[in-house]
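*Asks:* From TrEMBL, here are the annotated features:
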DOMAIN    B:33-257  domain 'ABC transmembrane type-2'
TRANSMEM  B:32-56  transmembrane segment
TRANSMEM  B:68-89  transmembrane segment
TRANSMEM  B:110-137  transmembrane segment
TRANSMEM  B:149-173  transmembrane segment
TRANSMEM  B:180-201  transmembrane segment
TRANSMEM  B:235-254  transmembrane segment
């Protein structure tokens with residue numbers, strides 16, 4: 001239960017030259033097809049095992065929604081097949097089928113019926129739905145009086161009232177307040193633990209990398225890449241970065257990770273080093289040590305503006321800290337061809353033990369999405385050990401100060 | 001295939017029943033009298049047809065002395081025609097009206113025409129019950145022949161479902177169908193002996209009207225209610241056959257085009 005197999009999947013829409021062509025095709029017997037097929041998705045193959053989580057990434061129009069719609073059964077594939085074992089629930093169109101004039105409770109029944117649940121079943125699930133949604137007395141008010149967040153809460157609670165074998169989540173989930181987002185993600189994680197297979201569409205790096213085991217990248221209706229979430233996400237970011245005169249290449253590193261390098265190449269990295277307080281290159285640093293990230297940059301041609309950014313990521317690929325010279329108010333204007341610039345970022349490595357990587361970007365503005373000279377993931381990998389500090393949990397060393405006040409015991413006071 | 005479809009509908013029976021209920025609730029939700037309107041509207045219609053036509057305008061049916069006969073004749077035809085045209089008119093647009101849901105949710109699409117039929121059925125049941133009540137009060141209730149209504153109604157429902165699904169699917173691809181049905185239904189109404197008896201038509205036209213499947217159905221109701229006689233079964237067989245053929249065609253068309261329909265909406 002819960003496995004999803006997608007084989008040679010394709011979707012095409014029929015395009016007729018004019019309105020009459022369809023009629024002609026329908027009623028003239030044995031007539032040749034008068035339509036052209038416009039393929040929006042082609043040759044998609046992947047398999048998800050029970051309990052696995054797959055992220056689907058791609059720009060708008062890459063075919064993500066079409067793929068999900070075919071998996072949920074809303075639209076029929078033109079070619080290929082999908083085999084799903086078990087019950088599918090989709091968090092795609094939350095609140096779809098809600099009717100504003102009816103109360104939340106009545107809408108829960110309707111939405112449940114639309115999911116194919118029976119009245120008694122919904123009635124049985126009602127207390128759980130009510131308590132999860134946490135909308136209080138609004139449950140018996142018409143839905144049109146709800147805020148959009150409240151509608152989301154209720155819709156999510158209904159859609160996930162019963163654990164499905166396969167759960168399909170769209171980024172729509174990022175609606176609602178932070179509290180409920182956490183709560184809904186917790187529920188999704190619980191489902192996963194219980195064996196639910198997960199399909200998530202998102203642009204959010206955090207979401208994909210923290211939940212998914214694997215990711216696929218769709219580009220122009222084709223499966224462009226399948227692999228570890230981090231690797232696919234990096235490739236995606238690079239792909240997003242300005243498309244013209246861009247090269248994107250990925251190298252496999254010794255540690256098995258994949259480094260993605262992209263950019264126009266108008267400016268590039270010459271040397272990257274992490275230095276300790278004595279100015280020596282290090283790969284292993286102590287928690288709390290004063291270190292310097294030294295990056296040497298060379299402009300191949302004259303560039304009007306140069307911004308260097310770095311980001312420290314943990315071994316899961318989650319961003320720990322990132323900053324650039326634009327945000328620091330130190331962007332360089334008019335860098336000449338052949339000019340070398342040495343940047344030194346000195347900081348205290350207030351990090352927990354573990355492996356970290358540094359990604360670097362050279363761009364014209366704040367975001368590398370606009371004129372990306374060079375983007376390099378895994379530019380540097382370092383290891384943090386903790387010898388001097390108390391052994392703490394997590395990757396941020398907040399170095400908390402402890403004070404304890406204790407009342408004098410009565411016996412002592414009596415003395 | 002048919003079994004799979006039936007099972008899918010059965011699994012979604014909650015949705016079907018819920019939708020039918022909801023439609024009535026929505027209609028009267030914000031009115032003071034609420035459900036009373038469900039009765040008041042058809043009641044007014046029956047009164048207009050019987051009291052006003054028979055008593056005030058003194059319209060008489062040839063060959064029957066009963067003063068109410070024309071009113072009963074009219075109701076027998078108009079009410080059942082109303083049932084027919086409601087199913088047809090609403091099922092031709094049912095896929096278009098629910099485009100949003102069809103595009104975004106996965107559920108057995110065949111539930112939608114079913115909801116239309118059930119909705120129209122409830123409406124008809126109310127108005128028909130009132131009509132029977134009226135007949136009972138005026139002591140014009142037919143005897144055992146009343147049971148003849150059941151098979152005739154079944155044939156009519158089958159006929160309307162088949163035609164309705166065909167039109168509904170076609171309308172998604174060719175929006176002209178919807179416009180055309182509106183016009184066609186008007187002509188069809190006047191081409192069926194509902195407000196006039198068949199006998200007033202010129203001899204030359206009568207065989208033509210006999211080709212109209214609705215003529216056989218409506219005449220059957222009129223025979224039962226006005227003359228208290230069993231309907232002419234032999235005239236109903238061709239209609240029953242046509243109804244079955246339409247249903248099969250409709251289901252085939254629906255099965256073949258259901259997938260494409262989603263892309264077109």
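First residue shown is number 1, and so on along the chain.
Even glycines carry a Cβ here, placed using N, Cα and C.
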*Asks:* Answer yes if the transmembrane segment (B:110-137) and the transmembrane segment (B:180-201) have at least three CB pairs under 8 Å among residue pairs 6 or more apart in sequence, and no otherwise.
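*Replies:* No, the stretches stay apart by this measure.
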*Asks:* Any contact between the transmembrane segment (B:235-254) and the transmembrane segment (B:32-56), i.e. 3 or more CB pairs below 8 Å with pairs at least 6 residues apart?
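*Replies:* By the criterion, they do not touch.
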*Asks:* Can we call the transmembrane segment (B:180-201) and the transmembrane segment (B:32-56) in contact, meaning three or more C-beta pairs below 8 angstroms at a sequence separation of 6+?
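*Replies:* Between the transmembrane segment (B:180-201) and the transmembrane segment (B:32-56), contact is absent.
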*Asks:* Mind checking which residues reach the transmembrane segment (B:149-173)? Cβ under 8 Å, same chain, six or more beyond either end.
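*Replies:* Cβ under 8 Å, 6 or more out: 80, 83-84, 87-88, 90-96, 113, 116-117, 121, 181, 213, 217, 220-221, 224, 231, 236, 239-240, 242-251, 253-254, 257-258, 260-261, 264-265.
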